[in-house]
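See below for the structure under consideration.
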Amino acid sequence: MMISGHAKLAGILGWPVSHSASPCLHGFWLEAYGVDGAFVPLPVHPDDLEMVVRALPRMGFCGVNVTIPHKEAVLSLCDTLSETARTAGSVNTLTFSTDGSIHGDTTDGDGFMRNVQDQAGFVDPKGPVLVLGAGGAARSVVLALVSAGFQDILITNRTPEKAESIARDLGAGITVVEWDNYKPFFPLLSLLVNTTSLGMTGCPPLSLSLDTLSEQAVVCDIVYKPLETTLLATARRRGNRVVDGLGMLLHQACPGFHAWFGVMPIVDNLLRDHVIKSLHLA
């Protein structure tokens, strides 16, 4: 689609960003909604982060998504933060005001919950949830679960100190269990979430037997390369509802697109199929 000299500009800020799916999905929306705008990859070395972020509003950018390794580093560059970003301790969406001020938000958790609702429907908030991992993604997921009213959240991680930090920061109802001692909870779970990179293309597999997992449990993996991880394939074969990680990526992008381009996009099968085809996920 042709753009004019008045085109609105946004992008994805990271190091590297060549792997990012964001230009693909934002480009789809820009064309679908006829928006005079562009969304571009912005590979920025950590040493140059502050200089670039300060310059982007002056260059006409409306905002950017932020990815690894900058999600925590940009916190100190924001003039204002959403309460979610402040609590999560990370930012994935920057919006620039006309006066040059910078607002930071994180939409990862919201994207996670919308994806679960979209693909799995109802999940009982009273049933225990087990979250595998304790990195930045896990923190956003746990915060979203707490906000959605889940009352019994279990976190397990090979490095327990990271899991304990999440439990300490995000409040009551969160319990840390040892990495080798979470299987007794499987018959009771309403939701199992993998937030680690285990099972991702190029990473070690996630060695996990689901033999004792409740048939009512929803199994979610935030990994989307491959689209169906071994965890999800195993869960699907035994009859559990499954949620892949692609929808989280798509849903978390909606608030930023709305803030920058003035249109609230929808996540539908057309978008999903476009991204799957463009990224060769199937």
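Backbone N, Cα and C define each Cβ position, glycine as well.
Going by TrEMBL, these are the annotated features:
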type     : residues                                                                          : note
ACT_SITE : K71                                                                               : active site, proton acceptor
BINDING  : S20, A21, S22, T67, N92, D108, Y224, Q252                                         : shikimate binding site
BINDING  : E83, G133, A134, G135, G136, A137, N157, R158, T159, P160, E161, K162, I222, G245 : NADP(+) binding site
DOMAIN   : 129-183                                                                           : domain 'Quinate/shikimate 5-dehydrogenase/glutamyl-tRNA reductase'
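Recorded features from TrEMBL, shown on the structure.
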residue	record	contacts (Cβ under 8 Å, 6+ apart)
S20	shikimate binding site	I12, G14, P41, T67
A21	shikimate binding site	L249, V275, S278, L279
S22	shikimate binding site	I12, F39, P41, N65, T67, A253
K71	active site, proton acceptor	S90, V91, N92, T106, G136
E83	NADP(+) binding site	none
A134	NADP(+) binding site	I155, N157, T159, K162, A163, S165, I166
Review point. Per-residue pLDDT averaged over the domain 'Quinate/shikimate 5-dehydrogenase/glutamyl-tRNA reductase' (129-183) comes to what?
Key: 93
**Study point:** 8 Å Cβ shell about S20, A21, S22, T67, N92, D108, Y224, Q252 centroid, shikimate site members excluded
**Key:** I12, N65, L249, A253
Exercise for review: Compute the C-alpha separation of I222 (NADP(+) binding site) from D108 (shikimate binding site), stating it in Å without decimals.
Suggested key: 10
**Study point:** Using Cα positions only, nearest of the binding-site residues to E161 (NADP(+) binding site) (D108, Y224, Q252)
**Key:** D108
Review point. Counting Cβ atoms within 10 Å across all protein chains shown, which of the binding-site residues D108, E161 comes out on top?
Key: D108
Check your understanding: Out of T67, N92, N157, T159, Q252, which of the binding-site residues is least crowded by other Cβ atoms within 10 Å?
Key -> T159
Exercise for review: Just name the most isolated of the binding-site residues G136, I222, Y224, going by other Cβ atoms within 10 Å of its Cβ.
Suggested key: G136
